[in-house]
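Record features, source Swiss-Prot:
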type: ACT_SITE; residues: ASP79; note: active site, nucleophile
type: BINDING; residues: PHE26, ASN128, PHE328; note: substrate binding site
type: DOMAIN; residues: 154-302; note: domain 'TRUD'
Amino acid sequence: MDMENLTWLHGKPTASGILKANPEDFVVVEDLGFEPDGEGEHLLVRIRKNGCNTQFVADYLARFAKLHPRLVSYAGLKDRHAVTEQWFCLHLPGKEAPDLATFELEGCEVLEAVRHKRKLRIGSLKGNAFTLVLRHITDRQDVEQRLQQIAAQGVPNYFGSQRFGRGGNNLVQARLWANNEIRVKERSKRSFYLSASRSAMFNLISSHRLAQQLSTTVLEGDALQLSGRGSWFVAQADELATLQQRVTAGELNITAPLPGDSELGTHGEALAFEQACLAEQTELLSLIKHERVEGSRRAVLLKPQNMISNWWDDVTLELSFWLPAGSFATSVVREIMNQDRADDTDIIE
């Protein structure tokens, strides 16, 4: 998916700059959203890593603890080209914990280990805290104005380009699969391609809403989500005025679909809008239905929390903020500046 074709909330930036000139310019700290139990058959291990991807570290931990790889889990994938603090979970029923003081892997440091009663699963995170350094910024004034706009109105909650694979290959392969031009047997590839398909359709609908100034305008039949919650409800015609006030106040979010094998969830005017946006995606929709992927919805807009900016000089900005799990830091940066160097790597979940 070409991110350049997606609508900006605050207009295309005039400033350009570089993100991730080095791994230390992109720091991610996982926020579990709960305190480990301190007891149980699972061991949660928090590791700071630099230059290692998530699965590589998980596999290494499994070998170190003499466990089957399936007994080591994590809540989300993180990029290797960054400094990340991430939790891993070792399933140790009736077993002593390995001596992590002897754990050695280049680029990795064990920060803590604590027992827990439940397995850490994909999506278990509450969110992630980011600290980014943006370098060689060409227009400080424009960036400062955009930071104020983002703090007040947020950014489009787009899936970043990394969701679609390098050069958008996951989406390319998904379309070939949908058209029966290739067979996809490997489970992980099937998952990547289906995820890319659904994410692309979410981005497409969200972009159309922004282009028509509908990102915060409630349509009859819209699916609305309480801020910070995953559940949603449908806007009825006789409630539009009240619901519009709640959206404007930030209590409710307008959502767009991650299509699945069920209905989109909207009705009336909103359903017609979404169906029109997806009119040319029939092959991908058929693939998703055939594979029986469960549908869901996601807020169209994203408001970074606890956003703090610190200018080191006129061309270098340190920016920190918190995002809920599944949201992309690069979607925040996209509204701030154009990147001089394309980088398809980022936090994935």
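Glycine residues also receive a Cβ, built from the backbone N, Cα and C atoms like all the rest.
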Task: Between ASN128 (substrate binding site) and ASP79 (active site, nucleophile), the C-alpha gap once rounded to whole angstrom - done: 13
Task: Secondary-structure category, per DSSP, in which ASN128 (substrate binding site) falls - done: strand
- [ ] Can you tell me how spread out the substrate site is, meaning the largest CA to CA distance among PHE26, ASN128, PHE328, in Å?
- [x] 12
- [ ] By DSSP assignment, list the helix, strand and coil residue numbers for the domain 'TRUD' (154-302), in that order.
- [x] 73 helix, 22 strand, 54 coil
TODO: Could you round the CA separation between PHE26 (substrate binding site) and ASP79 (active site, nucleophile) to a whole angstrom and send it over?
DONE: 10
Task: pLDDT averaged over every residue in the domain 'TRUD' (154-302) - done: 95
TODO: Whole-number Å only: compute the distance from the Cα of PHE328 (substrate binding site) to the Cα of ASP79 (active site, nucleophile).
DONE: 12
TODO: Take the Cβ of ASN128 (substrate binding site) and count every other Cβ within 10 Å, whichever protein chain it belongs to.
DONE: 26
